[in-house]
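Among the features that TrEMBL reports, region 'Disordered' is placed at A:1-22, A:53-72, A:85-111. The compositional bias 'Basic and acidic residues' annotation in TrEMBL covers A:1-11. Here TrEMBL flags A:Asp77, A:Asp171 as Mg(2+) binding site. The annotation compositional bias 'Acidic residues' is assigned in TrEMBL to A:90-105. The annotation site 'Interaction with target DNA' is assigned in TrEMBL to A:Tyr141.
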Amino acid sequence: MARTPRPEFRPDPSLSHESMTELQREIAASAAFTDQFGFEPADIAIDDAFDLTTGLPEATPESDGSNPDAPVVVGIDQAFLTGETKNEAGDDGAGDDGAGDDGAGDDGTTDHDRAVSAAVAIRDGAVIEYAHAVTPLSIPYVPGLLAFREGAPMLDALDALSVEPDLLVCDGSGRIHFREAGIATHIGVIRDLPSLGVAKRLLCGEPVESVDERPADWQTPIRADNRVETAEPGTVIGHAYQSRQYPNSRRVNPLYVSPGHRVSAETTVDLVAATCAGYKLPEPTRLADAHADRVKRRLPGED
DNA sequence: GCGACAG
DNA sequence: ATCTTGTCGC
């Protein structure tokens with residue numbers, strides 16, 4: 001059957017705003033918001049939360065006891081090194097070959113930051129591999145255009161991974177996006193891998209029910225509103241999912257989960273729920289977050 | 001012109 | 001995202 005050619009991903013700082021939004025429309029058009037993967041949510045279930053109080057669990061590539069045929073879930077997250085000014089004499093030679101000036105400007109902020117991208121591969125409840133990449137950032141954060149700032153760094157971390165992922169769990173939105181092309185969608189489409197996004201805050205769209213004071217495991221659909229340019233208002237683009245709640249309180253906010261690529265909105269909730277083990281964030285994201293922080297701490301500069 | 005906005 | 005110790009509440 002005919003197949004839409006995969007859009008190329010060029011996070012070039014010189015790209016115009018229009019070019020970026022146009023590329024996102026192509027990404028969204030190439031994305032599949034239907035289930036296209038060969039396993040069940042139960043196959044990636046993580047029953048026991050990893051204990052991160054004594055450091056991260058050791059990676060065990062040679063499955064000791066765990067099922068080597070279980071799907072590989074890869075969590076991806078980032079940490080940042082900001083405020084890196086360019087006036088430091090004797091800067092480490094790893095500087096970027098700057099094309100002219102930095103887009104610094106009037107507000108004093110520069111783009112001389114670096115991203116630490118971390119990817120953690122989990123199979124049958126065990127970590128089988130850690131990978132990371134440190135990438136200079138050249139594009140500022142703009143709501144809706146996050147993929148152009150963090151996409152390449154995330155792909156770098158994925159490239160550093162030796163195992164083949166069966167599912168990517170990204171930090172941020174997927175289909176819950178102005179053009180249905182959040183960073184989870186970008187990454188999924190570019191690698192043509194099943195992917196989903198887990199965000200702590202809602203970018204756009206409207207919950208069917210109020211998300212306040214909800215018990216654990218509660219969920220409600222997120223419908224496209226007038227801010228979602230590519231979908232008919234009312235279209236379900238993701239869900240609010242209350243992954244955890246304290247026994248006698250109701251202050252924890254829900255997660256906002258949405259399809260990235262090759263996963264439906266409904267199944268996205270099931271997949272996230274399967275990888276949650278008592279904490280607000282799903283285990284793949286918790287571990288990727290911790291790994292990114294660990295790499296960042298070990299980097300020259302802060303000891 | 002006003003509002004609104006992942007990491 | 002990041003800057004950051006202790007601390008109020010269950």
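In case you wondered, yes, glycine gets a Cβ from its N, Cα and C as well.
Distribution of TrEMBL features across the structure.
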{"residue": "A:Asp77", "record": "Mg(2+) binding site", "CB count, 10 Å": "28"}
{"residue": "A:Tyr141", "record": "site 'Interaction with target DNA'", "CB count, 10 Å": "13"}
{"residue": "A:Asp171", "record": "Mg(2+) binding site", "CB count, 10 Å": "24"}
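In this structure, the C-alpha atom of A:Asp77 (Mg(2+) binding site) lies 15 angstrom from that of A:Tyr141 (site 'Interaction with target DNA'). The two recorded residues, A:Tyr141 (site 'Interaction with target DNA') and A:Asp171 (Mg(2+) binding site), show a Cα separation of 15 Å. DSSP assigns A:Tyr141 (site 'Interaction with target DNA') to coil, not to a helix or a strand.
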